[in-house]
DNA sequence: TAGATTGTTAATCGATTAACAATC
DNA sequence: TAGATTGTTAATCGATTAACAATC
């Protein structure tokens, strides 16, 4: 099976397909055409078909796509079918908020929360007790963890990220407002909330000078 | 002054320029060339110059760019120079975490937090007391609010968004995992955290099959 | 002036959309 | 079979990169 290079534009759209298909599934819709889905999602049918065909032919001519099948297949492509253990580094407001999220639903199980603040030690968030970071290395080894969420202050983010890398972490979901400099085989996904708000600020200020319309749905 | 259409790809890069320039400023760097900045940011110098020239000529041949001037100008383009009052709807974990953020720094002042849970009434987050949503309409009118952060459950998101629109809100920072259907003159910026994590999941699973490298910095 | 670096035009590259033959 | 809709190729569109004349 030849692995072609999938563009990140396509990958970023997959979760949205997954979400819409999940909703169709909840509404007991059995099949859907790219045309119908394109209307609901406000994208072109062409794009949907192109995107999906990067991964294989999931539809059937004259019929469309089976909602449940397509939903599951996209889930597999995204890797949501296999559960990954995850830790959260930084148990501040955001870290605790994320710990309360139900990410199990998409294959991520929070099994550890870490901080340097001794006041937080032992405090349980969603059944997981906050531990001190000096136990982090051992914990990662003991539990075969490959994914870490980073919600520490900017100053500490880079050095902790480097350590996480040496301890075997392969993917970092980074909420610290800085770019991490790691080797290429560590996946980093940045969530820079302040930068997100800045783009909203831009659009608010320049609103009306141009058309924004539905495209904003896709600009993650 | 002719307003050309600025592509969203450019707009999404502006906050990152702003951040790098801010750091240079902190390090007392007075001037920088597109070449030097391109190396630090791991983008092409060409892209930097093209991006900036969408908004005007901020540099000088043979010299480069004055860091402070460029930083300030990008801040103005993003609209960070004018303060906007903001409210947060939904005082759950995420809502409270966001209320604790220092968004004043980029021109957004949280002056109200709202929820339907009577248990939260009066609880102060960063000096702002949580109020009940039935006072929302009056509050928006009294304080001339145009920006709202939406951190309510999926089920309620759309109906609240619709109401916010009728009450005069012009920009919504939406954390609910759903697309909002509003008129075109309401700006919506979605932050779908679960979808962000899904793309990380994809990259983790397909890691090594292709090169990811620095490009991940830019995929917000 | 000579060197450096911009602003901007032209070339390339990639992503989106359109079209349609294949086929259920 | 006829109608519908995919998978896929071709055309278009837009974004990125390269090149270089302008100019500080």
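For all residues, glycine too, the Cβ spot is worked out from N, Cα and C.
Features reported for this protein in TrEMBL:
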DNA_BIND  A:16-55  DNA-binding region
BINDING   A:90, A:91, A:92, A:93, A:94, A:95  NAD(+) binding site
DOMAIN    A:79-179  domain 'CoA-binding'
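On the structure: features taken from TrEMBL.
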residue	record	CB count, 10 Å
A:90	NAD(+) binding site	26
A:91	NAD(+) binding site	25
A:92	NAD(+) binding site	16
A:93	NAD(+) binding site	19
A:94	NAD(+) binding site	24
A:95	NAD(+) binding site	24
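Proximity to chain B (CB-CB distance below 8 Å) holds for A:93, A:94 among the binding-site residues A:90, A:91, A:93, A:94. Sequence-distant neighbours of the DNA-binding region (A:16-55) (same chain, 6+ residues past either end, Cβ-Cβ under 8 Å): 4, 6, 10, 63-68, 70-71, 73-75, 77-78, 80, 214, 217-218. Residue counts for the domain 'CoA-binding' (A:79-179) by DSSP state, with H, G and I taken as helix and E and B as strand, are 37 helix, 29 strand, 35 coil. Residue counts for the DNA-binding region (A:16-55) under DSSP, helix first, then strand, then coil, are 28 helix, 2 strand, 10 coil.
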